[in-house]
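K.L.:
Before anything else, here's the structure in question.
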Amino acid sequence: MDMLQSVIMQRALLAAVLVGITAPAIGIYLVQRRQALMGDGIGHVALTGVGLGFLLSASPLWTAAAVSVGGAIVMELIRWYGRTRGDVALAMLFYGGMAGGVVLTNLAPAGSNANLTSYLFGSLSTVSPSDVVAVCVLAAFVVLVTVGLRRHLFAVSQDEEYARVTGLPVRLLNLLVAVTAAATVTVAMRIVGLLLVSALMVIPVAAAQQLTRSFAFTFAGAVAIGVVTTLGGTTLSYYQDLPPGGTIVLLAIAVFVVLSLLATPLARRRARAKAVADPVGCPLEPGTDVRSEEPVAGVGGGSGTAAPGTMTSQQT
């Protein structure tokens, strides 16, 4: 393939794979915490970091990472201590971040808002070797946190009060999720773009949940969908001269639709199999979730029926 002969595309494909892994890996915790749009807010704040990089003639990727982390921490502090209505305070932070990016870019030497386009919507041709190094470092951090601390992050995402009672440092873990989400936004902005990065955190997770409620299988499925859609979208955008961010997100939505159509008949088949295997018991209705009796390691135990739309702790 001629695409693989291009050094630029080799860098873009590597970055795409890392985005496909990291975005769903942190997204699964944000979805469970009902914070699916947090990535969108961090993306707005990161724009100020991009503008600051232009102004200081520094790497926009690293300045965006620093500002994103600061913005993510402020979001958590507002959630804990904010006296202003939470949605109002966050809205001011989000739109202030975007406005700051526009102003700082115009103040930069030879700067213009056109410089922001590749960061807002993603661009294959602008991924530099230094960008790839930064993306690899940040992606390694994201994977280390989301995989290494998955049991504790899962517990906090499911029930903060219960996690606090068991002795977990809930606020520290919440801050870590926010900081990891900020790092993920920075990883994804060169390929997907700041305005669409949140979609890649949420859609692969939602697609994987159509087929399973187990945390382990949902995590693996979401990452697999993320990698397939980022690689597929990047390849399609190269050959059809399409914007990579929009192409990747539309492909992810298409996967979600297909899996949604398959979910209902699969659930019915499972229910019939359950009824045949246990004719005396009560067969499960399609879509019913059963909480695993296996405790989350290091968090405590418990059993019962999981609320619809939640994932079980099985095989975390």
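Glycine is treated like the rest: Cβ placed from N, Cα and C.
Quick paste from TrEMBL:
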TRANSMEM  12-32  transmembrane segment
TRANSMEM  52-78  transmembrane segment
TRANSMEM  90-112  transmembrane segment
TRANSMEM  132-150  transmembrane segment
TRANSMEM  162-181  transmembrane segment
TRANSMEM  187-208  transmembrane segment
TRANSMEM  215-239  transmembrane segment
TRANSMEM  245-264  transmembrane segment
REGION    286-316  region 'Disordered'
K.L.:
Residues sitting near the transmembrane segment (215-239): Cβ under 8 Å, six or more positions beyond its termini, same chain?
P.N.:
3, 9, 12-13, 16-17, 19-21, 23-25, 27-28, 124, 150, 154, 191-192, 200, 204-205, 207-209, 247-252, 255, 311-316
K.L.:
Residues sitting near the transmembrane segment (90-112): Cβ under 8 Å, six or more positions beyond its termini, same chain?
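P.N.:
Beyond its ends, the transmembrane segment (90-112) has Cβ neighbours at 40-41, 44-52, 54-55, 57, 67, 71, 74-75, 78.
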K.L.:
State the non-local partners of the transmembrane segment (245-264) in its own chain: residues 6+ outside its ends, Cβ under 8 Å from one of its Cβ atoms.
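P.N.:
Same-chain residues near the transmembrane segment (245-264) but 6 or more away: 16, 121-122, 191-193, 195-196, 199-200, 203-204, 206-208, 210-211, 225-226, 228-230, 232-234, 236-237, 286.
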K.L.:
State the non-local partners of the transmembrane segment (187-208) in its own chain: residues 6+ outside its ends, Cβ under 8 Å from one of its Cβ atoms.
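P.N.:
Result: 12, 15-16, 18-20, 22-24, 26-28, 30-31, 36-40, 43-44, 46-47, 50, 61, 64, 118-124, 126-127, 131, 135, 138-139, 142, 181, 217-226, 229-230, 234, 243-246, 248-249, 252-253, 255-256, 259-260.
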K.L.:
State the residues, same chain only, that lie 6 or more residues beyond the ends of the transmembrane segment (52-78) and have a CB under 8 A from a CB inside it; answer 'none' if no residue qualifies.
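P.N.:
Residues packing against the transmembrane segment (52-78) from afar: 38, 41-42, 45-46, 84, 86, 89-90, 93, 97, 104-105, 107-109, 111, 115, 119, 130-131, 134-135, 138, 171, 174-175, 178-179, 181-183, 185-186, 189-190.
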